[in-house]
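What follows is a short report on a single structure.
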Amino acid sequence: MSKIFVNPSAIRAGLADLEMAEETVDLVNKNVEESQAHLQAEPIEVDALPEDMKRLQISEPKPCQLPDGTCMKEEGGDEDFYMAESGDPYIPLQSYLDTMGIQIVRKMKTGERFFKIWSQSVEEIISYVAVNFPVPPGKSLADKSTQTSVEKSKPASQPTQPKKEDQLSKVNIDSQESSGPPALDWAATNDDDDASVEAEIAHQIAESFSKKYKFPSRSSGIFLYNFEQLKMNLDDIVREAKGIPGVTRRAGDGVRLPLRCILGWVASTHSRRFQLLVNSDKLNKVMQDDINRYLAY
């Protein structure tokens, strides 16, 4: 008959587990007693309640025996300061704005530019508000005169837009033979810029900040250069880029900018190292070709 030997350490461990289990049971019982302490007190007498509590009616409300008008007044007395959801005009507006937000997110996922999406969404929201929230007829005449003057001033400025577009589309081909970036056609002026245009320019430059572009060197070869090597603030680069013909207009449309042309122009003005490496005549031709190609679209 074989003998079974038990390790003393296993016995001690088992005893320790039993002690811990007993302590756990005692702790659980104590917590249960504490949580049910309020049930061990004397029951509350109804007569001992405050006077206001006696008015509380637990039974179901009886149907109104009075005329209809009186019942409606009593039931709706507490709701005088609240508007029904069906009569609130801002609930449809909120749902419309939620729908517009979902559409904006979907368009951004497809790769469209944010500022282009936002401008279209703003126009749709303005038209929705104009249709569903018309101006009341009791408006003052001062507001109407202000709106009339604005509407009259807009048609006067519209004929100038085709002229600007014609100027932007014409690039001086003869300037390709001259040397240096100043030979660019600066007659093609940019449109009036705003914060959204600057943000679009900064966004595209920041995306390609470390990308290297090819430039013609003095040794009849090429060298690589990027925006990081300028060691300039992004705001300063954007300020210089806005002076290049067509950049502001393309940024306003949310389309791709001639980044190599922008880099070449800024570097040829602010980077001594770039000036020593680049062939000015060929650089001017490269920049002019970029502008012609981008303005053609």
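Every residue gets a Cβ built from N, Cα and C, even glycine.
Residues or ranges marked as compositional bias 'Polar residues' in Swiss-Prot: 143-161 (among others).
The compositional bias 'Polar residues' annotation in Swiss-Prot covers 169-179 (among others).
Swiss-Prot lists SER210 (among others) with the feature phosphoserine, giving similarity to another entry as the kind of evidence. Sequence-distant neighbours of SER210 (phosphoserine) (same chain, 6+ apart, CB under 8 A from its CB) are ASN226, PHE227, GLU228. Mapped onto three states, the DSSP output places SER210 (phosphoserine) in coil.
Cβ neighbours within 10 Å of SER271 (phosphoserine), excluding its own Cβ and spanning all shown chains: 18. Sequence annotations record features per position, and here Swiss-Prot assigns phosphoserine to SER271 (among others).
If you look up Swiss-Prot, you'll see 138-172 marked as region 'DYNLL1 and DYNLL2 binding'.
For 140-189, the entry in Swiss-Prot reads region 'Disordered'.
The motif 'Nuclear export signal' annotation in Swiss-Prot covers 49-58.
Sequence annotations record features per position, and here Swiss-Prot assigns motif 'Nuclear localization signal' to 211-214. Across all of the motif 'Nuclear localization signal' (211-214), the predicted model scores a mean pLDDT of 90.
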